[in-house]
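Colleague: Copied straight from Swiss-Prot:
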- 211: active site, proton donor (ACT_SITE)
- 19, 21, 208, 289: Zn(2+) binding site (BINDING)
- 290: substrate binding site (BINDING)
- 232: site 'Important for catalytic activity' (SITE)
């Protein structure tokens, strides 16, 4: 937790989390509990001897693919609707405790379907947790369904068939559509037709881009997939013209500075382009990505960013205001969160004096 003088301010800020993989909130303790409940045999690997050993291994990822190996192994314990509800609700409790007022969460149906767990099971559990969180915790939640880019494109079309058949793009179940997984070998253009089908429903579109691939992947995502948001966007800092375009179009980057360090996409947090984004007027939010695997939930990420960059109250106001304004909740909800933010800014305005 950060020790700066703005610590109380960061705690008080109403937050929106827009880059959060719900499967990435699976803490080792819950992993072991669900494995036992569901009779799932974990790998014969010393790191699976205890929650502490597994967590220690999570602290030594060497790449995105190294992380994904453990990420997909971890989710193998999620079997029933109640498992998904428990997973999500535990995250919502943690998030609400860190003053997250609105969360837009990713989930990966294809990874579960491949294990024999139906899309309907997954989404039912997440929707149940969403409704509980909104009723009991006062946090609003939207679901972003994601395709896995490392799988054959026809499998993504098959998932879209299911989503269209269920009517979930139109009945409020799903608010966004995104794409995740290994990036470099799977350029955005491969999925142009998949995204075009979803675009016809009016659903918000996003994709992971520029995490481990060059800026051209971000540009291609904007041009071919017609996304209104970029998840990560780290590589945008390498292209001044792209930064100008992102700023001019108010394209939000759901930035995850700590996970970029955890996966060795950045040598250290000080190398994150936080200042570059601020100076260019690029809208970005600060997010935790897969906090159970990277060891930092959103409050801790805020604090690490603050300790590294010594941002002003004005800087944080820019970050949070842009994130709220470009969120996918209702206009009424945006106004509520912005009002809360203005009250916090007024209380802590002397910090910039």
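Numbers run from 1 along the shown chain.
Keep in mind that glycine also has a Cβ here, set from the backbone N, Cα and C atoms.
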Colleague: Quick one, of the recorded positions 211, 289, 290, which Cβ has the fewest other Cβ within 10 Å?
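Modeller: Per-residue Cβ counts within 10 Å for the recorded positions 211, 289, 290 bottom out at 211.
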Colleague: Measuring Cα to Cα, how many Å separate residue 232 (site 'Important for catalytic activity') from residue 208 (Zn(2+) binding site)?
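Modeller: Approximately 6 Å lies between the Cα of residue 232 (site 'Important for catalytic activity') and that of residue 208 (Zn(2+) binding site).
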Colleague: To test your reading of the Zn(2+) site: which residues beyond 19, 21, 208, 289, same chain only, put their Cβ within 8 Å of the Cβ centroid of those residues?
Modeller: 20, 24, 106, 180, 231, 232, 254, 256, 259, 287, 290
Colleague: Which Cβ among the recorded positions (19, 21, 208, 232) has the fewest C-beta neighbours inside 10 Å?
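Modeller: With the recorded positions 19, 21, 208, 232, fewest surrounding Cβ atoms within 10 Å: 21.
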Colleague: Could you tell me the C-alpha distance between residue 208 (Zn(2+) binding site) and residue 290 (substrate binding site) in angstrom, no decimals?
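Modeller: That separation, Cα to Cα, works out to 14 Å.
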Colleague: Quick check: of the recorded positions listed here (19, 21, 211), which one has the Cα closest to that of residue 290 (substrate binding site)?
Modeller: 21
